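Here Swiss-Prot flags 1-44, 65-94, 325-584, 611-653 as region 'Disordered'. Under the heading N-acetylalanine, Swiss-Prot lists A2, citing similarity to another entry as support. Among the features that Swiss-Prot reports, phosphoserine is placed at S14, S20, S80, S82, S89. The motif 'Nuclear localization signal' annotation in Swiss-Prot covers 15-19. Positions annotated as phosphotyrosine by Swiss-Prot, on the basis of a large-scale study or a structure entry: Y87. The annotation zinc finger is assigned in Swiss-Prot to 277-296 on the grounds of sequence analysis. Taken from Swiss-Prot, the feature compositional bias 'Gly residues' applies to 382-394.
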Amino acid sequence: MATGANATPLDFPSKKRKRSRWNQDTMEQKTVIPGMPTVIPPGLTREQERAYIVQLQIEDLTRKLRTGDLGIPPNPEDRSPSPEPIYNSEGKRLNTREFRTRKKLEEERHTLITEMVALNPDFKPPADYKPPATRVSDKVMIPQDEYPEINFVGLLIGPRGNTLKNIEKECNAKIMIRGKGSVKEGKVGRKDGQMLPGEDEPLHALVTANTMENVKKAVEQIRNILKQGIETPEDQNDLRKMQLRELARLNGTLREDDNRILRPWQSSETRSITNTTVCTKCGGAGHIASDCKFQRPGDPQSAQDKARMDKEYLSLMAELGEAPVPASVGSTSGPATTPLASAPRPAAPASNPPPPSLMSTTQSRPPWMNSGPSENRPYHGMHGGGPGGPGGGPHSFPHPLPSLTGGHGGHPMQHNPNGPPPPWMQPPPPPMNQGPHPPGHHGPPPMDQYLGSTPVGSGVYRLHQGKGMMPPPPMGMMPPPPPPPSGQPPPPPSGPLPPWQQQQQQPPPPPPPSSSMASSTPLPWQQNTTTTTTSAGTGSIPPWQQQQAAAAASPGTPQMQGNPTMVPLPPGVQPPLPPGAPPPPPCSIECLLCLLSSPNSLCLSPNRAARIPPRGSDGPSHESEDFPRPLVTLPGRQPQQRPWWTGWFGKAA
């Protein structure tokens, strides 16, 4: 045995290396699977042991597929021989060793997962697991050649393909209609020009599913649809009706109440029979022909209705000034129908004669209505301006009514110049015991001065310049007509006279005791009255007073009581006092007392009338005392009533 430096390693035996966990030379390695227990508890059944082993195998295959450790040996010599290569359309090889190994592992894992689901229904396969692409298919032949009049394809597809989609959803299968007639004529096929799959076969429905149960279920529904289309007519096919209704709903043309059957409590109330009643005369609803208020256009009209309508139409046109006055207006049988006559008036006494007609041509127009150049006041000044012109002053009167006085030429309602004026336009007769008017007083003006310029046919009195217009007097207050122009005395009145005429009919009071002044020289106001009357009688007296003076001066007419040169004035009007003349004495003690107590009171004494302030003075306004006059009771006298026209003399002055 060699010792020392010449010793060889063979002389000393080598030591065995220590085993460590990092040593790669160890052949036995521990496999750790996450989620799997490393210690198996005792007392497991065989099914539990099998489930544990199958789950370990599934986890191992999943790990290999996920990491790509397919177990292919790196040495090509250790590999098995490869089959014939298969290439796709792009020139790539499909059956490589890696592809074949992965496919083999996936099939093995799929088998294990199917077994594990059978052992444990609560088992969940891995997230990357996909079942194999193997599918079960079947064909259902469509007898289109035997029944060409039936649209089987339409029944299977349905509106917008909804029927076919519903079957696929229920059976979890894929249904395709193939064969001859499945594609519409003119529709483009494949882009490469090749035939579609199954195009050369008869018309059929191809059903494909993952399981055979789903395929059988889909095939059964397709056969039921084909049988219903063959045995049931189209108008009685419920499936066809439902498809048409669904198509209308999709197109927006569905009527919900077409096939709706209402229950008794949902039905609407019955309509009223009145709404269904139709009139045979006018065609309206809601009434019968006997209750109809309208007449047919062809119904004959009575002569009385025609005459009444013609009369109303002519009256309307006459008021508008477009037609002559109807014949009934000019008749002398009764008073004319005018807007003024239509106003309500108090009834006249039965003893009074009826007023003459407005349009009568047998009598002449009274002279006081004829205006001439010899009068003191011209026509336009009397009426407050020319026709259509402005008023002449603050006391000017409005225009007369065209329908009564003919203010507008050519109007059908013009007054006849040869006939008498209407009753309210006639002047009152002069009193029996009074003299003529002074130059400043011309008596009551005609009624046409008091009527405003109103439209024709309106029948309404308007207010002119803030002054109330006076309507015509009542029939009971009408003054008697003027005396006739002949020499015969006027007839006595047949009716009751107004109070102021009754007072005039009384005999004049006895003259005062004779004295030198009374017998030789008259009083100042009497001198002025006599002189004025005499001078006015020559040419300044109004025409209507001239006519009365001529009638009084005729030899055949009896002389009136009193001064023959005096023309009587209306009651309540006295001539004005001359300038500088003393005022007349009071008529009595009672009159003096009433003057002191109420200066504006009414006294019917001739001397008291001279003290009444004129209308244009600063005295109290009497605008509201035009008509009717109030009754005034004085001591020792009867109640008197002033005539309605006495208030106008102050205005005219």
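Using the three backbone atoms N, Cα and C, a Cβ is placed for every residue, glycine included.
For S20 (phosphoserine), the nearest of the modified residues by C-alpha distance turns out to be S80; the candidates were S80, S82, Y87, S89. Local packing around the Cβ, expressed as the count of other Cβ atoms within 10 angstroms, is greatest for S82 among the modified residues S20, S80, S82, S89. The separation of S89 (phosphoserine) from S80 (phosphoserine), Cα to Cα, is 27 Å. Across the zinc finger (277-296), DSSP assigns 3 helix, 2 strand, 15 coil. For the motif 'Nuclear localization signal' (15-19), the predicted model reports an average pLDDT of 67.
Each residue contributes its Cα atom, and for S89 (phosphoserine) and S82 (phosphoserine) these two points are 21 Å apart. A C-beta separation below 8 Å, combined with a sequence spacing of at least six in one chain, links Y87 (phosphotyrosine) to R93, L94. The secondary structure of S82 (phosphoserine), as reduced to three states from DSSP, is coil rather than helix or strand.
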